[in-house]
Amino acid sequence: MSRWGKTHFWGLLIGAIGAIATGYSSAGAVPAEATLSRAPDTEPYLPLTIAPPTMALPPLGDAANFLPALERKIVLRLRERRVFLYEGDQVLVSYPVAVGKPGWETPQGQFKVLHKVVNPRWESPFTGSVIPPGPRNPLGDRLIVFAPMGNNNYAGFHGTPNESAIGQAVSHGCVRMRNSDIRALFEKIEVGTRVIVQP
């Protein structure tokens with residue numbers, strides 16, 4: 001090949017590479033970005049722009065906001081005469097309690113908190129007499145209802161004006177707690193919290 005031929009060859013090659021790099025061809029101007037081809041007898045080439053994916057990461061220190069909440073549950077152990085509040089598998093707090101006496105045992109099984117009542121009134125299941133909220137009320141000033149017992153009666157955790165009975169089996173099925181303890185438990189649970197009563 002002559003010197004002129006080599007020069008011409010390299011010139012053509014560089015020109016072709018330049019045309020490809022700038023997005024031009026013999027058919028006319030074509031955008032340099034990727035293209036989406038259509039059938040030749042339908043529509044001309046259309047530009048296709050692909051944006052890189054974006055992903056938002058939580059700010060440092062806020063990871064706990066993105067984790068699922070651990071379930072809180074109340075576990076009552078009748079033989080121990082003690083109630084435990086769990087979060088996941090960890091015990092948050094526990095309190096001594098009084099439970100149902102023979103013939104009026106606290107119901108066992110799985111339940112959930114049905115109602116939370118501040119300053120409940122007490123109605124005697126025997127006479128129907130009512131004691132309003134106050135220092136003489138046998139329910140104290142907090143009531144957490146969790147289990148139906150029949151005859152429109154329910155078992156629940158509640159305070160008591162007689163804290164010396166805590167640790168004994170003396171109630172008609174309810175779970176008595178010291179007034180300070182029931183107030184603390186009341187604030188830590190919600191309606192719907194699981195209640196597990198074990199022997």
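Even glycines carry a Cβ here, placed using N, Cα and C.
TrEMBL annotations: computationally assigned, not manually curated.
In TrEMBL this protein carries:
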ACT_SITE  His158  active site, proton donor/acceptor
ACT_SITE  Cys174  active site, nucleophile
DOMAIN    72-198  domain 'L,D-TPase catalytic'
Quiz item: So, by DSSP, how many helix, strand and coil residues make up the domain 'L,D-TPase catalytic' (72-198)?
Solution: 13 helix, 59 strand, 55 coil
Quiz item: Taking just the CA atoms, what is the gap between Cys174 (active site, nucleophile) and His158 (active site, proton donor/acceptor) in Å?
Solution: 8
Quiz item: In sequence order, which residues at least six apart in the same chain have a CB under 8 Å from the CB of His158 (active site, proton donor/acceptor)?
Solution: Pro120, Pro138, Leu139, Gly140, Arg142, Leu143, Ile144, Cys174, Val175, Arg176, Met177, Ile182
